[in-house]
Amino acid sequence: NSKIKCLLFDCVLKLQERRRKRKKKRKDSLKMATEHNESEEENQYDNDYFEESTSLLRNSTNSQTIEHRENSGISWYFAVFLIVNAALGAGLLNFAKAFHNAGGIYISTIFHLVLLIIIVGALVILAYCTDKKQSANFQDVVYGMCGKKWQTINSFCIILYMFGCCITFFIIIGDQLDQIISCLYGESSLSNWYFNRKFTISLTSILFILPLCYPRRIDFLTYPSTLAVIAIIYVVILIPIKYAKLNTENVHVRTEPEHWMDIFTVLPVICFGYQCHVNAVPIYACLKRKNLSEFSKSIFVSILIVFSAYTITATFGYMTFGDKIDDDLLKSYDSKDVSVLIAIIMYLIKTYTSYPLNLFCARTAIEGLWIEMKQLDSYSVQRFEKFRRVLIVTIWFFLSLFIALFIPNITIVIHYLGALAGTFMFIFPGLCLMFYALNKDNNVVESINNESMSRRKQNLLLLIAIFYITIGTFIIGLVVTQSFLSDINY
């Protein structure tokens, strides 16, 4: 019996030991499973965090898009005012002279219309790509369609172009202020320090432009842009009225170019005058209803208004003064005329409101490059956004102002800016369409909603893309060559 009890006791001990081992094994397995789940959660969190950071690197205005969801946004007809304000600028006063240089009204208008069709096509391509990617800025569209390398090139082009535009706006402000002061107080008053060109440009720009440059979102400029469009309408209406009133009997106008190459002299002015492609994408991001249909309405109405404004001022301005027309159309008129003086003031208002639109696009490009170079995470991007915005705007404003104070004429600037505008109007839309047609799916270029397309459609899109890239390359090369030769002769 004692042996049996010992055996039973040993069995019980062994069973308890096995039970303890099983329980421990279960605990260890449960612990390992818990740790694995926690590890997976951490990895998922890291992946989410990485995706968020990557998204912020791709789109430095991502925070604005998030904020936009909380706001109502703007209607398509308010977007029209923003696009028109972005397009209508210094080119308005240079079109009449460009028509003269190109060989007259008829040949220039035909060339203008042909180029306009190509420009509108590029805007439609850009609108389609923007709608597909739901992008917040131009460089983000290029990143989504073409990849990181092209985005970086695009950002540098935007910065360079917008910097030149901002310098041009300051020069125009100086020209208009000089005319106003000369009209009211006489030309001799310009020698006084308080009417000195450098002082008046600096003071008025700091008062009227700088405060409009700091807001975070571009739709803040909706109402100033509306005022600018109303102001420019006055200028456009005044030109044909003056043509009807002034004596134009002895005016000599060209009916054909002296040389067939003269036709292309109008190219930089047209490109500079219609460059609203970079500004159009952030405007799309602020729409209440972000879709291709709404955006297309804004584009077509805007281009119709801009085309009408350019054609009316160029045609009637040129017929009024002929070969004696000035590079700046308003300088051809007598500034002592009250109606002309009001037009100068109106154009001045328009210029004050155009500068912030261009600085906004430059700021997003600089900010995106900054985030990429510093390799900032999402927390740092959000935390220091205000500091970056204020720093970029302040340095940009005063640097462009300083350079503008020592450049007396906008003609040289417009020629080279017209060449650079060709990259946004033709080359980058062409590249976006080409990559979309090829629909490459790799680490950089994303497939567009995994769409499949027929071979015929793909070939057609590739043909259109190559056409735009070729046209853009030709225009840029031609304009740069013409400007260089003109500068040498000058």
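Including glycine, each Cβ sits where the backbone N, Cα and C put it.
Just so you know, TrEMBL annotations are computer predictions that nobody has curated.
Per TrEMBL, the features are:
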type	residues	note
REGION	24-44	region 'Disordered'
DOMAIN	73-470	domain 'Amino acid transporter transmembrane'
TRANSMEM	74-93	transmembrane segment
TRANSMEM	105-129	transmembrane segment
TRANSMEM	150-173	transmembrane segment
TRANSMEM	193-214	transmembrane segment
TRANSMEM	221-243	transmembrane segment
TRANSMEM	263-287	transmembrane segment
TRANSMEM	299-321	transmembrane segment
TRANSMEM	341-366	transmembrane segment
TRANSMEM	387-407	transmembrane segment
TRANSMEM	413-438	transmembrane segment
TRANSMEM	459-480	transmembrane segment
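Contact check: the transmembrane segment (459-480) against the transmembrane segment (263-287) gives at least three Cβ pairs closer than 8 Å, residues 6 or more apart, which meets the contact criterion. Long-range contacts of the transmembrane segment (193-214) within its own chain (CB-CB distance under 8 A, at least 6 residues past either end) are made by residues 170, 173-174, 177-178, 181, 185, 220-221, 224, 352-353, 355-356, 359-360, 389-390, 393, 397, 401, 404-405. Residues of the same chain lying 6 or more positions beyond the ends of the transmembrane segment (263-287) and with a Cβ under 8 Å from any Cβ of it are 61, 64-65, 68, 73-76, 79, 82-83, 86-92, 94-95, 98-99, 101-103, 107-108, 111-112, 115-116, 119, 122-123, 126-127, 130-131, 135-138, 140-141, 158, 161-162, 217-219, 257, 294-295, 298-299, 302-303, 306, 310, 357-358, 360-361, 364, 414-419, 421-422, 424-425, 428-429, 475, 478-479, 482-483. Contact between the transmembrane segment (341-366) and the transmembrane segment (413-438) is not supported, since fewer than 3 Cβ pairs fall under 8 Å when only residues 6 or more apart in sequence are counted.
Two recorded stretches are said to be in contact when at least 3 C-beta pairs lie under 8 angstroms, sequence spacing 6 or more; the transmembrane segment (387-407) and the transmembrane segment (105-129) fall short of this definition.
Counting only same-chain residues 6+ beyond the ends of the transmembrane segment (413-438), those with a CB under 8 A from a CB of the stretch are 90-91, 94, 118-119, 122-123, 125-126, 129, 132, 138, 141-142, 145-147, 150, 154, 157-158, 160-161, 164-165, 167-168, 171, 267-272, 274-275, 277-278, 407, 445, 448, 453, 458, 461-462, 464-469, 471-473, 475-476, 479-480, 482-483, 486. Tallying C-beta pairs under 8 angstroms between the transmembrane segment (221-243) and each of 74-93, 150-173, 299-321 places 74-93 first.
Among the stretches 74-93, 150-173, 299-321, the one making the largest number of Cβ pairs under 8 Å with the transmembrane segment (105-129) is 299-321. Long-range Cβ contacts of the transmembrane segment (299-321) within its own chain (Cβ-Cβ under 8 Å, at least 6 residues beyond either end) map to 77, 79-80, 83-84, 87-88, 91-93, 95-100, 105, 108-109, 112, 116, 119-120, 123-124, 127, 229, 232-233, 235-236, 239-240, 242-243, 246, 248, 251, 253, 273-274, 276, 280, 329, 332.
Residues 165, 168-169, 172, 218-219, 221-222, 224-226, 228-229, 232, 235, 269-270, 272-276, 279-280, 283-284, 286-289, 294-295, 297-299, 301-303, 305-306, 309-310, 313, 327-330, 347, 350-351, 353-354, 357-358, 410, 414 of the same chain sit 6 or more residues outside the transmembrane segment (74-93) yet have a Cβ under 8 Å from a Cβ within it.
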